[in-house]
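Colleague: Swiss-Prot lists 184 with the feature active site, schiff-base intermediate with substrate, giving sequence analysis as the kind of evidence. Look at Swiss-Prot and you will find 184 tagged as pyruvic acid (Ser).
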């Protein structure tokens, strides 16, 4: 039971949880009120860094959501890696209550990763996509070798982006690849002829919600727990 509890918390949260629980012990030694405040902070840390198991639909042509959150926009834009190419950008906003663990959206190979320094304006603003600190992931899809781009974007509160994959690595849809601490945004850039299956304003679940299909939608889906 303890193993399952720890396993369902992202390792980036361990230090915050340990410090806050230690502060709770010290707080209770000083006063009950201070101890309760520190304990509440500890529980909030556990909630924020939770990493639940997800039922991931299987299929190399599926594009699943890389994050929990709200779809802010779906629009055609210039590719962030090639101004001469148009792509579809799906922007997902994560508030502080969402699960912040990020997941691979499509099975394939990591073609490149890039850290881009920047500012920390609110991730709910469209200009944050170009101005804020972000980590870029380019995935070559397994089914047709097309490039799928994922940008982890820091927000007003988020000041730490973690990306745990490297160039040349083989990845599968739904696998965990990183986390953004606190409020943030994830942009997903897809080829123009991708079949989009979500809409602006929709709430999505990382690893579970199918955002798009690289080919026609399958008649039947199978799922796996990750």
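For all residues, glycine too, the Cβ spot is worked out from N, Cα and C.
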Colleague: For a quick check of packing: other C-beta atoms within 10 Å of the C-beta of residue 184 (active site, schiff-base intermediate with substrate), how many?
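Modeller: For residue 184 (active site, schiff-base intermediate with substrate), the count of other Cβ atoms within 10 Å is 31.
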Colleague: What does DSSP call the residue listed as 'active site, schiff-base intermediate with substrate' in the simple three-state scheme?
Modeller: strand
